[in-house]
Amino acid sequence: MTEQISLVDVSSSVSLKGEDSSNVALLRDLFINDVAASDPAESSADVHKDEHSSDNSDNDNEAVPKPNDFSQRRRIQNAQFEALLSKRTDADSNEAIDRAPIALSDDELSIAHLVEKQDLGNGMLDPREYQIELFERAKTQNTIAVLDTGSGKTLIAVLLLRHTILNELDNRANGKPHRVSFFLVDSVTLAYQQAAVLRNNIDQNVAHFFGAMGTDLWDKRTWDEHLQRNMVIVCTAEILNQCLLNSYVKMDQINLLIFDEAHHAKKDHPYARIIRDSYFKAQPSQRPRVFGMTASPIDTKGDITEAATRLETLLDSRIATTSKITLLREVVSRPIEKVWAYNRLESPFATELYKLMDTRYGNIKVLEGVYRFAWHASSELGKWCSDRAWWHALADDVLPKLEGNISKLVESNTLNAEHGAVFKDIIRIREASETVKNYSFADPELPGELSPKVQLLRMELSKHFSDTTGTKCIVFTQKRYTAKILNELFTVLNIPHLRPGVLIGVRPGDIGGMNVTFRQQFLALVKFRTGEINCLFATSVAEEGLDIPDCNLVVRFDLYRTLIQYVQSRGRARHCTSTYAIMVEKDNAEHEGRLKEIREAEKIMQRFCETLPEDRILHGNDHDLDSLLQEEEGRRTFTVKSTGAKLTYHSAIAILARYASSLQYEKETVPQVTYVVGHVSNAYVCEVILPEKSPIRGLTGSPAIRKAVAKQSAAFDTCLLLRKHRLLDDYFNSIYHRRLPAMRNAKLAITCKRTNEYDMLLKPSIWAKQRTTPIDKLYGIHISLLPSKPLSRDHRPILLLTREKLPEFPAFSIYLDEDVETKVLSYPLKHGLQISVDELQSLTTFTLRIFRDIFHKVYEHEVQKMPYWLAPAKALDGPGSGTNPRDWTDWDTVSFVHNNDEIPFTRDLNPDSLVNRFIFDNWDGRFRYFTVAVADTLQPSDPPPPSVPRRRHMNNIMNYTLSLSKNSRARFFSGCDWNQPVLQAELVRLRRNLLDKMTTQEKEMQTECFICAEPLRISAIPTSIVSTCLAFPAIISRLDSYLIALEACDELELVIRPDFALEAFTKDSDNTEEHRGQQIHFQRGMGKNYERLEFLGDCFLKMATSIALYTQNPDDDEFDYHVNRMCLICNKNLFNTAIKKQIYRYIRSRGFSRHIWYPDGLTLLHGKDHSKKLLSEGKHALGEKTIADVCEALIGASLLSGGPENRFDMATKAVTALVDSPSHRVSCWKEYITLYTMPKYQTEKPRGSEDDLARHVEEELGYHFTYPRLLASAITHPSLPSTWGYRVPCYQRLEFLGDSLLDMVCVEDLFRRFPDRDPQWLTEHKMAMVSNKFLGALSVKLGFHRRIMAFSNPLQAQITHYVEEIESAQAESRGAVDYWVVAKDPPKCLPDMVEAYLGAIFVDSKFDFQVIEVFFERQIKPFFEDMSIYDTFANKHPTTFLHNKLTNEYGCTNYCLKAGELPTIDGAPAGVLAAVIVHGNVISEARSSSSRYAKVKASEKALAVLDGLLPFEFCQKYHCGCKETQNSSSAVEIGTAI
């Protein structure tokens, strides 16, 4: 159970790609069940065990790994984890039962736990229903939204702007005049902020203007350019007012006026003057739509009802608000209000420093403001704070501004400025600065240094920051000096866990040490959001509109003066456990009166909202739900027969809410269902939008007379749809965590254990077929050797002659002499050789003589049974495709060998004629020699030199040479020539596997010998031919492998290059798929194995099946695509196809065998018989996953082999052959487009906004859309109601397609650039290229974040915050391309849009993959030119880091990470337990709702346990001796990111 469940991951299954997504499997194949231990390989015989064996040359002396206890270790680990899981389950069950509800009705029983836990109620909405209703209202009439701070007014403004822009673009397309939208703000800071928000959420040019930009100097032509270039202008109100008055901008050129903080519209405020002087002066038909936003209709004291009515009249709008405070309370958390009362303050007084400064410099006018603040600060803040004001006012960076101000003051008061007076005051200012610098400031900790008010603030903040609970605080002050001085004070006080910062308004030209820039203000907000600052001392700039992140403590250090100040500052405390503290002076009647007055004003405001006419109150869509529930008669119901569970209109809402919550990622807010109610004819229609991670997006319900009924009906139908897709079980509980992972896990639902034996082809069928073919013509392959450096002897080329023409083989390496790498070059000769009977007899004799003399095998002379012939060849000047075999055959040598069985030894033979000969022992296959020279100083009776290899008979050279038995030796010695020359010779090594370098044992073998020729036989074959033929076993073995691989390709009707075909079928160890694990039973000399091709083929398989499903099923949703694709590409499906087509027969799982390279079918007369070996080696044990991997490798080989028309043709055909499914019946790339029927939305005439979008994207990215609505679909978020998207589907289908296209282009790039990297390295670095983290940054770089069409308040905020962070990271990176690595994870919609865009351009271009490659080269590859900077990207994942730490730092291999599901009682949320086990010790465990997060948590805990542990301490603590047994084969089972 645990091994399968350990791969289940709800969250990543829900995501549109397996996150693949940030979140990726680094060691993906190490989790798939247990790899069984290999059977011990048959021991090789000792090469010297029997000196008289007639065939010792056939004993293979190459080392074989010893068997290991790997399988036993896995079984122990599994048992340990099962025991732990059982123990934890037993411990949990009683607690779970205690928590289970016991008094619930039948139809609620299955949902009770989550309803209670999540407090779902009727299911809160996101976006909220009142926001949707307000947006719909604002589209049709001028509206002022009176909603509490934090209730999402800006979201409504963004939606309204988008709606207005879409209509504007359509109008422009129809030839109407251009109009723009104005977003008016009351401060420069808000102009920056709101413009940034709009740019991040609107795909049009957004400009922001303020007075400091010199707008008052712009003429009409400049404004015309801005109106032409921009769709939205954010500006301070006075700018627009002046433009309207000057007629630079006319009211009929504006389509929407948005008033931010609309309560300012009164008296002579620019808001009021714009409406009064320009808006009302225009004809009603020429007036723009008006939308105002405020938390309160007034910002001063007075009659609220009268003020609200006046605001409505002034803005020509109607207030819309909510009648019930509880409606907003569920959205905007109301803080707990507290009053912090401090003791009475002293009257202001002069401190010592104040007196000193007043005495010396009291008449310097530029310091008047500092004197005033320091005087009042002595009472309000205390002596220390009063004195520190001088430090800030006279700091070095402030002095130049003070000096400049002195000059201005003197010039303004004196007609003829006296330079002497100016100079004198400047000197005095500098002296004052030195005085302050030299002054000894007291310690603020001393009694009397701080006022009672500051002391109380210190005490309370110390309490709130007493631990690291994550307190975030804003302290509001009236004056900027106060904020800055308090910030300095609390920095000095150094309260634990408190990190102070300051946020004050920007005042250009300000002096006195208070000047700040917009950048400083922005950075303060960023630091506060990230937690670098957790206590912000701020002025009113943080009250109104500024994007301040939620905090849980707000302190009004200086008491508010108006209701709007109170409401807005309170609104900053939005956390569910927030505190809003008001500091008041004890016994201060004014303070008490102000508190009472403001609270009374809020009550009046609430009553005003409740007394508004019915049509101006936002009830949400549930306002009449209670009464409607009484009208059940005639409503549909659905009952599950097996359980009796009943679905009703009423229960459907709660069921969907709970279903949505089951899709939650950890540490995320609970996903929620969106209901959009629209008006159609005389009825209401509701669209249900499920969360983005849901495989079912939702539906549009049936029309109903009332809103609530329409909503319930749509929810009811959605529940039925979820039931249909088996996403709700028989109790209407979400079974998402069971359903999706089961399908997602299909790819790994097979075992890699070596449990099955399969037939293996040892010889290509061409040799057997040729034996029955008449011999009238032979075809030749010219084989030559090209060494990397000179060899010790000459190697002449040879011809391999066959009955049938063989394909052209690629060059491959063998290792001759002392591991000199030598290329084997083979060229097929174009023409056949008409052969005579005599020539055939000669060739047969020559070939059989090679087997006898060189390889100690004597075969019967049977011409018809010969599978091939060998002949000496002449050297080729170039490729031999146009040559005739007859012209290139050395017939003289063939005839000489045919006519001479050997060169006889005679006593009168010239000794020099024996040099450079091949001499062999006729009785012992171990002894073959190349003669080097005549040893004139030695006689046959002399003892052999001590350097020669040891043998039994070492008394003299003649005895040493002879290998006969005792009696035969005596007869030979009695008649031999004891005066013959002694020859220096080189003993030929028994090494046959020249496909790999020599082993240490082979290198240590001594080859120099001294021999006599008479006991041996002198071969008639020239030594240059013998040298080449000694390599023939390795050569013919590799050619056989090529032919077997090509035979498999022929069976599958695939045309693949031989080198790629063989690579795809090569498995060179028991655990080839474990890319970095120690290879078990590694087979030497097999060349490249399938792992890189499998990596490439897996990616193409994903892309090909994605395209096929997309083209044939245009109406499927993304969930269907994922499940159907997984069924196609899963290992189980590939394995089943491979079994059906017997692909296992062609897999090469064994290296060179010295037993099976000999020609098959000949009658062996002398030598060791290998027929039994052929039978035993004709089987091999393969894991199911290996067979599936080979299928993927074949696809990769097909891809590299190209195709007749398109380079993807052969790979496409391979996918069809290997998935064997009706869903993919494509024989070439161009057939995909023939399967595709364009959906209606794609071919419809695009709206003006869609044409505009396509034009902008073409300008920026260079691709021209033939069908702009495809692009519109690529930017449409699932949260957007379909009725608002103009029937363009959301991007999920295109994202599904684009995800696979992106994978493919990235993998191909890495595959080409890094030919020697293993698949794990490629996977880890591909992770960086396709990670959500990178794609999110790329999305921002390309501006996609501004184009997204979404309807989600949290999403808008997430995008804005992410854009701020990623742009800040880029700015600080100094040009580094990996700036995105340090940023937080982006909202998922941003990377999704990049992938959807790729899908869109691919479909638009009629499936031209080149458009994907162009995008990759321009936009992606520049980030990844240097891949080394991403070497640690994947390794930062806790699971991978743990693996590397245990393996590399501690050298441990006996560990694992297991995960398994904890059984639960019905209705309780499923849980997963993960544990890290090291040498039988459970060192960490963790629980979570998904396997993914459980593993991450367990890995993090394990890393904490191991932190600081030295290697020797680790070995002692966990009894680890793995380093001492590193040579024993092992593979570690460690977790993946999923």
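Each residue, glycine too, has its Cβ placed from N, Cα and C.
Around L147 (ATP binding site), taking its Cβ as the centre, 23 other Cβ atoms fall within 10 Å, counting all chains. Sequence annotations record features per position, and here Swiss-Prot assigns ATP binding site to L147, D148, T149, G150, S151, G152, K153, T154 based on sequence analysis.
Annotation source Swiss-Prot lists Mg(2+) binding site at E1295, D1392, E1395, citing similarity to another entry. Here the Cβ of E1295 (Mg(2+) binding site) has 26 other Cβ atoms within 10 Å, regardless of which shown protein chain they belong to. Secondary structure at E1295 (Mg(2+) binding site), taken from DSSP and collapsed to helix, strand or coil, is helix.
Counting every protein chain shown, the Cβ of C1452 (Zn(2+) binding site) has 21 other Cβ atoms within 10 Å. Marked as Zn(2+) binding site by Swiss-Prot on the basis of similarity to another entry: C1452, H1479, C1520, C1522.
Taken from Swiss-Prot, the feature compositional bias 'Basic and acidic residues' applies to 45-55.
According to Swiss-Prot, the feature domain 'Helicase ATP-binding' maps to 134-315, an assignment based on sequence analysis.
The feature domain 'Helicase C-terminal' is assigned by Swiss-Prot to 460-619. Confidence over the domain 'Helicase C-terminal' (460-619), given as mean pLDDT on the 0 to 100 scale, stands at 76.
Per Swiss-Prot, domain 'Dicer dsRNA-binding fold' is recorded for 652-742, and the stated evidence type is sequence analysis.
Sequence annotations record features per position, and here Swiss-Prot assigns domain 'PAZ' to 892-1020 based on sequence analysis. In terms of DSSP helix, strand and coil, the domain 'PAZ' (892-1020) has 31 helix, 22 strand, 76 coil.
As annotated by Swiss-Prot, domain 'RNase III 1' applies to 1044-1203, with the evidence given as sequence analysis.
What Swiss-Prot lists as domain 'RNase III 2' is 1254-1406, and the listing cites sequence analysis.
Taken from Swiss-Prot, the feature domain 'DRBM' applies to 1440-1508.
According to Swiss-Prot, the region 'Disordered' annotation covers 39-72.
The motif 'DEAH box' annotation in Swiss-Prot covers 260-263.
Per Swiss-Prot, the feature site 'Important for activity' maps to K1388; the stated evidence is similarity to another entry. Neighbour count (other Cβ atoms within 10 Å of the Cβ, all protein chains): 22 for K1388 (site 'Important for activity').
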- Counting Cβ pairs under 8 Å that sit 6 or more residues apart, are there three or more between the domain 'PAZ' (892-1020) and the domain 'Dicer dsRNA-binding fold' (652-742)? no
- Between the domain 'RNase III 2' (1254-1406) and the stretches 134-315, 652-742, 1044-1203, 1440-1508, work out which stretch tops the count of Cβ pairs under 8 Å. 1044-1203
- For L147 (ATP binding site) and C1520 (Zn(2+) binding site), determine the Cα separation and express it in whole Å. 65
- Item | Surrounding CB atoms that lie within 10 Å of the CB of C1520 (Zn(2+) binding site), all protein chains | 20
- Query: So, by DSSP, how many helix, strand and coil residues make up the domain 'DRBM' (1440-1508)?
  - Reply: 26 helix, 24 strand, 19 coil
- Note on the structure: Not counting C1452, H1479, C1520, C1522, residues with a CB within 8 A of the CB centroid of the Zn(2+) site are L1446, Y1450, G1451, T1453, N1454, Y1455, V1478, F1514, C1515, Y1518, H1519, G1521
- Other than its own, how many Cβ atoms are within 10 Å of the Cβ belonging to C1522 (Zn(2+) binding site)? 20
- Task: Based on Cα distances to D148 (ATP binding site), point out the closest of the recorded positions E1295, K1388, D1392, C1452, C1522.
- Result: K1388
- If you measure from the Cα of K153 (ATP binding site), which of the recorded positions K1388, E1395, C1452, C1520, C1522 is the nearest? K1388
- Query: In the domain 'Dicer dsRNA-binding fold' (652-742), how many residues does DSSP put in helix, strand and coil?
  - Reply: 35 helix, 20 strand, 36 coil
- Task: Run through the Cβ atoms and count how many others sit within 10 Å of the one on T154 (ATP binding site).
- Result: 23
- Counts by DSSP class (helix H/G/I, strand E/B, coil) across the motif 'DEAH box' (260-263): 2 helix, 1 strand, 1 coil
- Separation of alpha carbons, G152 (ATP binding site) and C1520 (Zn(2+) binding site) (Å): 58
- Query: Given C1522 (Zn(2+) binding site) and E1395 (Mg(2+) binding site), what distance in Å do their CA atoms have, once rounded to a whole number?
  - Reply: 45
- Ordered by sequence, the long-range same-chain Cβ contacts of H1479 (Zn(2+) binding site) under 8 Å (at least 6 apart) are C1452, N1454, Y1455, Y1518, H1519, C1520
